[in-house]
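Asker: The structure follows.
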Amino acid sequence: MTSDFDTTNSVGKIDLNVYPRDQHNISREHISENALKVLYRLQKAGYDAFLVGGGVRDLLLGKIPKDFDIATNATPEQIKLLFRNCRLIGRRFRLAHIIFGRDIIEVATFRGHHQQAEKQTSVQSEEGMLLRDNVYGSIDEDAERRDFTINAMYYNIADFSIHDYANGMRDLNEGMVRLIGDAEVRYREDPVRMLRAVRFASKLDMDISFETADPINYLAPLLQGIPAARLYEESLKLLQSGHGLDTYDLLREFGLFEHLFPQVAELFTEEENSKTEQMIDLVLESTDQRIAEGKRVNPAFMFAAMLWYPVEAYAARLMDQQGMSHYDAMMTAGNYILDEQVRSTAIPRRHTATIREVWQLQSRLERRSGKRAFRLLELNKFRAGFDFLEMRGQVEQGDTQKLAQWWHTFQHSGRNMRQAMVTDLGASGNRSGSGRRRRPAKKKPKKSS
Ligand code: ATP
Ligand code: MG
């Protein structure tokens, strides 16, 4: 069953395809209980209620959605009256959160078209970026405002049909990420869509259509106008969602990565084998693997790895040009690189603190004599510091690798063996991996004869 209708706007004509229940594979069994509760409550109160966006897309692909978003013609105030556990959020656009313990279902009122709404509360910057838009609209207007065709499908709780406004079903089957409307216009409205295109392409293993891919090369610099806090959130979704390595490759291919991590990109080489590039490969590989194994990942660790060689390079300049000590240069460089980084992606303070700790542990791990090695082992951040050292060992080889091996053995040894390892350090004068000078042994006072 297909019905078409015309709407003329900046996005152009949209075609509605309706797929009844027997023409798609979404079953209510796969929708979370809480999302279903919200959908039914809205419907019983006489409103339209649809599951929308990533939830519908992922269910159609046979994947488990990260979250279930709902769209309705009820206003936020009307939604609030229906649910005791409802909180209204958002200044840019009011949304309702229905709270079920830790599970939150987001319910959005259909949004109107910003072009028509211009005289009301929609504001655009000179570059055509949407700054604020608070206008409710119809479901077809809501669909046009969404980013990609595969994200503009609506599952109707009234009859379990899917309303597909932009040929999303076709693109989903063909594995194509395609912006709705004119790509350049849509990217100028919201440059983050360039990052989202890359994210969905790698996460869903799809291609980006030519018209959608083509403008990215010259529009990528628009990312510089995006608030650093938003780019931070996006960078986590890009690199910490289980497909980090693929996503990173695509980001580089499209010239997007350098706008997220400019200082890192400065060290990139033609052969793609600089220490920085090797380190990024290692950390993203292990991040992807941890996520695949259902383990937790710490963003601070990834940022620490990405920024380590930029810190080293800057520290080398400080030692060279200003005669700073190694220790001071590394501290100063660490602060400088982080300060610069948060201007593009705002890594929160709790993470920058951890990043510094992991970096500082790198030189502390060299000094193992006396009780030091035993004390280091007790540190909260020892594990992160050691894992980091191991990755550096893989990249740098030589003394760093030997030091990482020493720590590996140390951790897996019993008390006596550990003591022997430490004693051995002193006896053989073996300071493998240590770049620092040992204090010269105190001269024995000469016996006066
Ligand atoms: P994910 O699996 O990452 O959650 P998603 O498609 O659900 O993917 P969200 O960021 O949760 O992505 O957004 C939900 C929906 O809101 C999208 O599917 C899309 O329809 C719409 N949307 C989100 N961000 C934008 C944007 N920048 N421009 C236009 N539409 C957007
Ligand atoms: Mg989502």
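Using the three backbone atoms N, Cα and C, a Cβ is placed for every residue, glycine included.
Feature list, courtesy of TrEMBL:
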type	residues	note
DOMAIN	49-178	domain 'Poly A polymerase head'
ACT_SITE	Asp67	active site
ACT_SITE	Asp69	active site
ACT_SITE	Asp147	active site
DOMAIN	205-266	domain 'tRNA nucleotidyltransferase/poly(A) polymerase RNA and SrmB- binding'
DOMAIN	322-442	domain 'Polymerase A arginine-rich C-terminal'
REGION	425-449	region 'Disordered'
COMPBIAS	434-449	compositional bias 'Basic residues'
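For each listed feature, how buried is it and what is near it?
Answerer: Confidence for the domain 'Poly A polymerase head' (49-178), expressed as mean pLDDT, is 88.
The Cβ neighbour count for Asp67 (active site), using a 10 Å radius and every protein chain shown, is 14.
Less than 8 angstroms from the CB of Asp69 (active site) sit Leu51, Val52, Gly53, Gly54, Gly55, Ile105, Glu106, Val107, Ala108, each of them six or more residues away in the same chain.
Within 10 Å of the Cβ of Asp147 (active site) there are 23 other Cβ atoms, across all protein chains.
Mapped onto DSSP classes, the domain 'tRNA nucleotidyltransferase/poly(A) polymerase RNA and SrmB- binding' (205-266) shows 44 helix, 2 strand, 16 coil.
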Asker: According to DSSP, does Asp69 (active site) sit in a helix, a strand, or coil?
Answerer: strand
